[in-house]
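Quick notes on the structure that follows.
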Amino acid sequence: MAVAWLRCRQSPTLRVDSFLRLARLGPRPSPVALRAREVPPPSPTRTSPTPLSIARVSYDENQAHTQPRRNGRGNLTIVIAALVPTALAGWLVWQAMSGPDETEPPKVLPLPSQSTTAGKPGPAPTPSAATPSAPAGSPTAASTAPTGLPGPLAGKVVVVDPGHNPRNFQHTSEINKLVDIGTNRKECDTTGTSTNAGYTEAEFTLDVSHRLRTLLEKQGATVKFTYDNDRTFGPCVDERAQIGNKAKADAVISIHADGSATGNRGFHLILPALVKGGAADTAKIVGPSRDLGERIAGKFVRATGSAPSNYVGGGTGLDVRADLGGLNLSTVPKVFIECGNMRDPKDAALLTSSNWRQKAAQGMADGISSYLDR
């Protein structure tokens, strides 16, 4: 810009097209004539300086070759000084509105360097406070979301045995068939009991079993059922024991509700007695099963607020039996739980409550977790 200004000062003729070209103002404009109006000389009689007058510019194309009269270097300097910032501002506006010069070849910017091998995706960008993570379910969230740490019961197997079967009553001949329980023979299964209003034990045991499974799986345990309302009757008591044995379960719980007389209230755990005969040998599971039962009893009281049975176990909530095939034939730690007495109205009110059943499942889950995580 300074070079353009100097060359215009040395030229006797001021041409706008030359000035614009020297100032790099883009494409050559159409011919125009600049006509500077003569500034009158200062009066010798006035003592104060005459205000400076900026020359007006005419863009009359009919006077394209008319040359302005020069009024001395001082006036020309003033004209150019006024034109320079105006021309520069015009050039900036023109550049912004016209876009890039089409005659200039496009520039290729180098790509960011990549450390990964071609064909393999690069590392995902690190999330920041300004970049929220992708919502769950999106491809990004699915590929980058952590799988989570295993729960405290990871690697543990728990078999849940929902007592009885809602359709057993339709198959009385099948469930009355005798099976070997080690010490003697006993019915395959029974129909179970119910409340006075008709809420069956089999419905109750399935409901609580599902709740218990959910709680245990949240802690990482593998949970298996002896049946899940997917059989027309049974399974028989000997098969229920075999399911736990084949699973090599770390703990087995058989869920029931009692059918005693009115006034008999509370829960109790049934533990295996020391039995050895035929297919039964409980020597290795008596101790672990008692530990499991005691832990469940303590957690059950805490979770439900229910008291131990007032008619079985002498207030301990623990009962030992040798006549149950599900315990006699087990080779893994196993207990039965009678959650309450369905024939007592007060206990029945608890057993039919969804909220209470959730508490019951929580008590069992806490007891099993305490045993497995000991």
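Glycine is no exception: its Cβ is also placed from the backbone N, Cα and C atoms.
Quick look at what TrEMBL lists:
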type: COMPBIAS; residues: 115-152; note: compositional bias 'Low complexity'
type: DOMAIN; residues: 241-369; note: domain 'MurNAc-LAA'
type: REGION; residues: 32-52; note: region 'Disordered'
type: REGION; residues: 100-162; note: region 'Disordered'
type: TRANSMEM; residues: 76-94; note: transmembrane segment
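Each residue in the domain 'MurNAc-LAA' (241-369) gets a DSSP state, and the totals come to 55 helix, 31 strand, 43 coil. Within the model, the domain 'MurNAc-LAA' (241-369) carries an average pLDDT of 98.
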